[in-house]
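What TrEMBL records for 7-25, 120-139, 146-166, 172-191, 203-224, 244-265, 277-300, 306-325 is transmembrane segment.
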Amino acid sequence: MKILNRTILTVFYLLCVVVQLFATYKASLISTDRATYDERKDGIYFKYIPTSSNLYKTGISIGDKLIYVNDIKIENKHYLFNLIFDRIEPSSKVVYKVLEGEKIKTVILELEKRFSIFELVFSLFLGISFLTLIFLIIFHYPPSKTLISFFFLFLTLSFISVFINVPFSNKILYSMFIFLCFINQISLFIFTKNFLINIKYNIISYSILIIFVFAILFWMGNYIHWTFTLYVEDYKKVMQSLKLFQFAISLNMIHSIILIMNKVLKLYEKGSPVEYFATSYLFIFILLTYPIFYSLPIILRKRELVPFYFFFLFYYIALILMLRYKNKLYKVFL
């Protein structure tokens with residue numbers, strides 16, 4: 001039976017690797033012109049053009065207005081990024097019509113890759129290494145409710161690190177990304193309940209769950225609606241629902257932090273082993289970094305304080321520690 005379970009998990013692991021490779025491949029097909037744009041009421045204007053870009057070689061200047069790309073009228077950045085760059089592969093040639101003063105200029109531009117090879121390989125490395133570590137933990141730890149929720153928490157994280165780069169206009173892959181975010185947060189909710197001390201959730205806990213489920217459904221619903229209309233107004237609704245989702249994530253993580261801290265106090269009164277406290281403080285620290293440095297700044301319409309991949313490094317360290325000290329930590333996940 002044990003051999004059968006290992007075989008099934010191994011096949012599942014290989015399937016996960018294939019899916020992540022496919023997502024990385026699709027991300028590599030996103031193109032860009034590498035310019036920075038200033039969006040105004042009457043259209044978009046070139047704000048910055050890197051001197052090393054193909055766009056710079058065409059003679060287009062800062063302050064020029066982009067009017068058409070392949071006869072598609074570009075009214076805002078939404079049209080350019082989601083209807084052009086997401087759907088036309090790098091190295092493809094497109095026709096730009098640009099308003100230079102009162103003169104319309106036509107240029108042929110060869111698009112470039114949106115993500116560098118380093119960025120794609122790095123995100124894939126994080127995804128597959130996360131995947132490998134979590135499967136190794138499953139092989140070395142006894143099965144339990146806590147471990148299963150922990151497994152799905154980190155399994156979805158491994159996919160999120162790769163799927164965050166998929167084309168926004170790809171209905172299947174981006175819908176999968178939303179679903180992965182949902183499973184990730186549900187797993188955190190269940191893991192918090194079972195971790196160290198199995199507790200009963202109160203009305204506040206279930207209210208947070210309802211808010212989170214509503215946020216994810218709102219995000220998914222607005223996204224699906226946008227894929228049929230492709231209207232700018234509907235795209236803005238998707239972005240607003242994404243901010244609501246970030247708020248729900250923050251609530252869920254803060255909720256987990258508070259509950260884990262309460263559990264630590266109860267364990268202290270019982271004189272529990274030191275590894276219980278070590279793992280608790282590690283998870284508290286990891287969970288605290290995301291709302292402070294990423295989700296809350298985005299909600300407040302600011303830039304994230306640190307890159308998104310910064311958070312994965314902490315989770316990565318946690319998994320390595322779990323494998324390194326598995327003989328001492330296995331009881332924590334019973």
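Note: Cβ is positioned from N, Cα and C throughout, glycine not excepted.
Here the structure is a predicted model, which means the values were calculated and not measured.
Same-chain residues lying 6+ beyond the ends of the transmembrane segment (146-166) with a Cβ under 8 Å from its Cβ atoms: 16, 19-20, 23-24, 26-27, 30, 115, 119-120, 123-124, 126-128, 130-131, 133-134, 137-138, 173-174, 176-177, 180-181, 183-184, 187-188, 190-191, 194-195, 308-309, 312, 315, 319, 333-334.
Highest Cβ pair count under 8 Å relative to the transmembrane segment (306-325), across stretches 7-25, 120-139, 172-191, 203-224, 244-265: 120-139. If one looks beyond the transmembrane segment (120-139) by at least 6 residues along the same chain, the residues whose Cβ comes under 8 Å of a Cβ in the stretch are 6, 9, 13, 16-17, 20-21, 24, 27-28, 147, 150-151, 154-155, 157-159, 161-162, 164-165, 309, 312, 315-316, 319-320, 322-323, 326.
Within the same chain, residues 120, 123-124, 127-128, 131-132, 135, 138-139, 155, 158-159, 162-163, 165-166, 173 sit at least 6 positions outside the transmembrane segment (7-25) and bring their C-beta atoms closer than 8 Å to a C-beta of that stretch.
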